Amino acid sequence: MVLEDRKDGSSLPGRSGSFSKSSPSELDVVDPYKRISSPGSILDAEKVEKKPGGWRAVSFILGNETLERLGSIGLLANFMVYLTKVFHLEQVDAANVINIWSGFTNLTPLVGAYISDTYVGRFKTIAFASFATLLGLITITLTASFPQLHPASCNSQDPLSCGGPNKLQIGVLLLGLCFLSVGSGGIRPCSIPFGVDQFDQRTEEGVKGVASFFNWYYMTFTVVLIITQTVVVYIQDQVSWIIGFSIPTGLMALAVVMFFAGMKRYVYVKPEGSIFSGIAQVIVAARKKRKLKLPAEDDGTVTYYDPAIKSSVLSKLHRSNQFRCLDKAAVVIEGDLTPEGPPADKWRLCSVQEVEEVKCLIRIVPIWSAGIISLAAMTTQGTFTVSQALKMDRNLGPKFEIPAGSLSVISLLTIGIFLPFYDRVFVPFMRRITGHKSGITLLQRIGTGIVFAIFSMIVAGIVERMRRIRSINAGDPTGMTPMSVFWLSPQLILMGLCEAFNIIGQIEFFNSQFPEHMRSIANSLFSLSFAGSSYLSSFLVTVVHKFSGGHDRPDWLNKNLNAGKLDYFYYLIAVLGVVNLVYFWYCARGYRYKVGLPIEDFEEDKSSDDVEMTSKKSMK
C-alpha cells in the first residue's frame, strides 16, 4: 500500500494522513519569477516582461566565469615549469605539490555546494569565492615579483648550485594555493546552477535558453583552455613570469567587477537545504527500523509513504527491489505521521522517492570509482609530459620555441576535432548496428575511454624509452635530446580520445542516472573523481620514487630523466589501467540503468493500480 496525493492535491480517500498543496507564500519562495496564477492577464504579462534573469543576466555570469577561468587556469597552466625553474623543486616534489593541491581543490566543491544549498545561496557563495580566488592569484603573483618570496636564480655555469625555497617562500606559495582552492570550492559547484536559475524552465523559451547556456558555457571553457595554454604560457615562458601572472590576476579582478555589475539583473533562488542531509535521513531512518520484516512481494500489508513530489522533479522513480533494506525508511508505522499528514520526524520516515534517490547513488558508486585510475593516467601525463618536453627539441622554425606547458593543446584540438565526428558520423553508424539511440551505451563509452587511457600510457612509455636512448647516445651534458617534441603527440592524441569518451561519458552518465534532485551530487562526484585521481597519482609517485631505486641505481623518477626509468612508471599506470578495466567490466555488467516515468504518466498509472486494487478487495 502507498500513501500518495491526487493530481488536484487532495488526499486519496480511505488513506491515513493528508498532503496538501503549498500555500501561495510557499510557492513564492521556490518561484523566483513570482508569476500569478491567471494566465494571459495584463498584470501577468507585465511581470513576465520585467522579470529579472534571462540572457541579460547570464551574460554577466558567463563573462565572470570566462575571466575567472582565464585567471586561475592561466596562472596554473604552466605551474609545473614555475615550480621546477623558479622554485627549484625536483620534478617529484613539484608533481606532488600539484597533485595534492589539485586533489584538495576538487574536494572543496563538496563543501561549497553544501554551504550554498543549505545556508547562503549561490550568489553569495560565488561572490565570496571570487574574492578568495583573487587573493590567491595576487599571492602567487607576489611570489614571482619579490626576490624575497622565491629562491635566488641559479648559476648558469653550475646548475647543481640551485637552492630550494625556504619556509617563508614555500609558506606564501601554499597560502596562495589554499586561497585558490577556497575560490574553486565556491565557484565550481555554483556557477552552472546559478546560470540555470536565470531561465524559467516552465516555458519553451526557458528550456531552449538552458540548453544554449550549456553550449556557451563549455565553448567558452574550451576557448579559455586554448588561450591559457598558448598565449599566457608563452608570455610566462618567453617574456616574464611577473607579467605572465599579472595578466591572469588583472583578468580575475575584472571578473569580480563584472559579476557584481549584474546584481540587479540576477534571479536569486533561496537555499532549500542540501541533498546530503536527505541521504543521511534515509540511512538513519532505515537503521532505526532495521528490525521490521518486509514481505517478499508487495502484498498490501505494508504502507509506504509516497507523497506528491516537488515541482522541480520531472520524473517519478519506481520502488525497486534492489537494496530493500533501505525501503524500511519509507514504511509508515504508528506515530510516524502528524495529523496534518507530513512526517513527524524526517529522521524516522522518508518518502519512496527519497529512498530510490539514495539507491541510485549506491548503484553509481562502483562505476564512479572505476573512473579514478583512468583520470590518474591523465594527471600523470599532465605533469611528466612537461618534464619530457623540457628535454626535447621544441623549436618550430628558426625563431619560435614551443612552451613545454602548451603541448596539452594537442589533446584539446583532438577533442575539438573528434567530437563533431563522433556526433555526426560515429553515432549514426553505430546506431544502425546496435539499434541504440546513442550508438553505444554510456557505460560502453566510458569503457572505451579507459582503453584509450591504457594505450596512451603504453605509447608514452615507448616514446620515453626512445627519447632516453637517443639522449644518452647524443652525450649532451645537459640531457637534451635531438628529438622533436612532436614525438609526444601520439600519447596526447590518445589521451584526448580518452577524454572525449571517458570524461564526457561520465558527465552524461552521472547527469542521466541521478534524479533531477541530485544533479548537484553528480557534479560533485565528478570533482571527487579528479580529487581521487590526484591523490592516487601523488601516492604512486611517492612510493615509486622511494622504493624503485637502490644503493647502486637511481629510482625511476629521478630528477635526471636519462638516469631514471620514467617509461617503467608509465607501464605501471598501464597495468593498473588493465586491472581497472576488468573491475569496470564487472561493475558495468551488473549495473541496472535508472528507470523513471514522467510525473503525469506515473500518477495515471498509480490511479489505475489503485482502482484495480480496490476492485479486487471489494470482490473478496
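Placed from the backbone N, Cα and C atoms, the Cβ positions cover glycine too.
Here is what Swiss-Prot says about this protein:
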type	residues	note
COMPBIAS	10-25	compositional bias 'Low complexity'
REGION	1-32	region 'Disordered'
TRANSMEM	70-90	transmembrane segment
TRANSMEM	95-115	transmembrane segment
TRANSMEM	126-146	transmembrane segment
TRANSMEM	167-187	transmembrane segment
TRANSMEM	213-233	transmembrane segment
TRANSMEM	241-261	transmembrane segment
TRANSMEM	364-384	transmembrane segment
TRANSMEM	402-422	transmembrane segment
TRANSMEM	443-463	transmembrane segment
TRANSMEM	485-505	transmembrane segment
TRANSMEM	524-544	transmembrane segment
TRANSMEM	568-588	transmembrane segment
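Sequence-distant residue pairs (6 or more apart) of the transmembrane segment (167-187) and the transmembrane segment (364-384) include fewer than 3 whose Cβ atoms are under 8 Å, leaving the two stretches without contact. Counting same-chain residues at least six beyond the ends of the transmembrane segment (402-422), those with a Cβ under 8 angstroms from any Cβ of the stretch are 77-78, 80-81, 222, 225-226, 229-230, 233-234, 236-238, 382, 385-386, 389-390, 394-396, 485, 488-489, 492-493, 495-497, 499-500, 504. The transmembrane segment (524-544) makes no contact with the transmembrane segment (213-233): fewer than 3 of their CB pairs lie within 8 A, with pairs spaced 6 or more apart in sequence. Among the recorded stretches 213-233, 364-384, 443-463, 568-588, the one sharing the largest number of Cβ pairs closer than 8 Å with the transmembrane segment (95-115) is 364-384.
Residues 366-367, 370, 373-374, 376-377, 380, 384, 443, 446-447, 450-451, 453-454, 457-458, 460-461, 464, 540, 544, 548, 556-557 of the same chain sit 6 or more residues outside the transmembrane segment (568-588) yet have a Cβ under 8 Å from a Cβ within it. Among residues of the same chain six or more beyond the transmembrane segment (213-233), those with a C-beta under 8 A of the stretch's C-beta atoms are 58, 62, 65-66, 69-70, 73-74, 77-78, 192, 195-196, 199, 244, 247-248, 403, 405-406, 408-409, 412, 415-416. Residues 80, 91, 94-95, 98-99, 102, 408, 443, 446, 449-450, 453-454, 456-457, 460, 491-492, 495, 498-499, 502-503, 506, 509-510, 513-514, 525, 528-530, 532-534, 536-537, 540, 566, 569-570, 573-574, 576-577, 579-580, 583-584, 587-588, 591 of the same chain sit 6 or more residues outside the transmembrane segment (364-384) yet have a Cβ under 8 Å from a Cβ within it. Long-range Cβ contacts of the transmembrane segment (443-463) within its own chain (Cβ-Cβ under 8 Å, at least 6 residues beyond either end) map to 367, 370-371, 374, 377-378, 380-381, 385, 388, 487-488, 490-492, 494-495, 497-506, 508-509, 567-568, 570-571, 573-574, 577-578, 580-581, 584-585, 588, 591.
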